[in-house]
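Participant: Below is one structure. I have some questions about it.
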Amino acid sequence: MAQKLQADEISSIIKERIEDFELKIDVEETGKVISFGDGVAKVFGLNNVMAGEMLEFDNGDKGMALNLEETNVGVVVLGRGEGIREGSSVKRLGQLLKAPVGEALVGRVINAIGEPIDGKGPIEATEYRYVEEKAPGIMARKSVHEPLQTGIKAIDALVPIGRGQRELIIGDRQTGKTTVAIDTIINQKGQDVVCIYVAVGQKQSTVAQVVKKLEEHGAMDYTIVVNAGASEPAALQFLAPYTGVTIGEYFRDNGKHALIVYDDLSKHAVAYREMSLILRRPPGREAYPGDVFYLHSRLLERAAKLNDKLGAGSLTALPIIETQAGDVSAYIPTNVISITDGQIFLESDLFNAGIRPAINVGISVSRVGGAAQIKAMKQVAGTLRLDLAQYRELEAFAQFASDLDEASRKQLERGMRMVEILKQPPYSPLPVEKQVVIIYAGANGFLDDIEVSAIGKFEYELYSFIEAKYPQIFELIRERKALDDEIKELLNKAIEEFKASFSAE
């Protein structure tokens, strides 16, 4: 017979249950969509929402509060927005946008909010960081002093880039801007630099080609691609560069070196303009909103070289700007030129004349990279910029005057060969020691009696000859990072010996 519970036992069980009872109340602040269109929703009822806070719509899409008005909130939707209609409910998530960071992202292609889009499965991220972070202050930084070799002769010799620098690549469409950036990424192989390529508003086919090119050269082993294509909502195109720089900052803050390419910030500004106009913010010059300068300055200021106390990491930025018919004085180009530490200017006239990379060395500058250039390159390229400028002047003059004196003719001949030396096929970056050798040969007159059309052949055969017969030359330049008398003597001997056997045919 079952044992009967005593009255006092029953009361003690009830008391225990009452004591253990926990009332869980889930408080959510929700609002209602008043209107929705073009990726922007007007929401009523979210009185305590923060600027930039993440919100969730009832269809699962996330949104970001950008306009905080008296009666409603302007929200950009980070998705397609299918299923959002007037009356849909929206709830606050109580946090700002975060992106996944860390080693798990290397070799992957992700979208603007850090989700993988390469079909290689989920990303096991161990850390998430806020997409909007404050740039390092003055005391946290150190002046740029280590070189970031691009592998492109014209850049490493004349417009050197240092780790932690922001160098703008600017030019018209189809002048080889992306190629310069991709070459730089390929050249970081074995340099322990993590590269991030951010594609904003590009055709998906173009991004696929870039990824394929990086894979072919083994560069995806240390590269992360962030893609917000032309078909994506403006909000995602606006966010992509910030997601990219957040990933780069993780490596910078952990004492590593990172390189980030923004391809391109013109389309980024257009996406932001689109969002701002739909949010009914007042337009300014060229219909861009008033804070379009801050849009790019807060992004590019996050690239920095940190001091030794903070781990001496660096984040180098290569923003790209597309100009219209070479107009560098438009709003966005002048903004970004004033934010960056120099610019590489690519010209369609040079490109069409077969001078590729089509860098105009006259107006391309690097404001801080000179301190990072290795001594050997400084020694051989010291007068190169001036020589090329004088050559351009003489060339223009020679079109009118037929009778040039001997010195001018020699200068013209030397200039033509130096221009030829600086040409380089795409996706074939050169190590700095090879660049030093060929520029040394040109600057010291070894090529004066070589046909201009044979310079390219001479250059690549010279590298092979030195590798076979005088490999110590490359090793010594790599180790000493300067040209001393011993290396110069060896170089002169090697070049003379090679010239004796070289045939231009």
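Heads up, the Cβ atoms here are built off N, Cα and C, so glycines get one too.
Found this in Swiss-Prot, in case it helps:
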- Gly171, Asp172, Arg173, Gln174, Thr175, Gly176, Lys177, Thr178: ATP binding site (BINDING)
- Ser364: site 'Required for activity' (SITE)
Participant: Which one, from the binding-site residues Arg173, Lys177, has the smallest tally of other C-beta atoms lying within 10 Å of its C-beta?
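Facilitator: So among Arg173, Lys177, the binding-site residues given, the one with the fewest Cβ atoms within 10 Å is Arg173.
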Participant: Whole-number answer please: how many Å between the C-alpha atoms of Thr178 (ATP binding site) and Ser364 (site 'Required for activity')?
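Facilitator: Computed Cα spacing between Thr178 (ATP binding site) and Ser364 (site 'Required for activity') is 17 Å.
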Participant: Compute the mean position of the Cβ atoms of Gly171, Asp172, Arg173, Gln174, Thr175, Gly176, Lys177, Thr178, which form the recorded ATP site, and then list in sequence order the other residues of that chain whose Cβ is within 8 Å of it.
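Facilitator: Near the ATP site, the remaining chain residues are Glu322, Leu346, Ser348, Phe351, Ala358.
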Participant: Among all chains shown, work out which of the recorded positions Gln174, Thr175, Ser364 has the most CB atoms within 10 A of its CB.
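Facilitator: The largest 10 Å Cβ neighbour count belongs to Thr175.
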Participant: Look at the binding-site residues Gly171, Gly176 and tell me which residue has the greatest number of other C-beta atoms within 10 angstroms of its C-beta.
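Facilitator: Of Gly171, Gly176, the one with the most crowded Cβ is Gly171.
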Participant: Just how many other Cβ atoms lie inside 10 Å of the Cβ on Thr178 (ATP binding site)?
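Facilitator: A 10 Å sphere around the Cβ of Thr178 (ATP binding site) contains 22 other Cβ atoms.
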Participant: If you run the three-state DSSP split on Asp172 (ATP binding site), which class comes out?
Facilitator: coil
Participant: Around the Cβ of Asp172 (ATP binding site), how many other Cβ atoms lie within 10 Å? Please give the count over every shown protein chain.
Facilitator: 18
Participant: Sort Ser364 (site 'Required for activity') into helix, strand or coil using the DSSP assignment.
Facilitator: coil
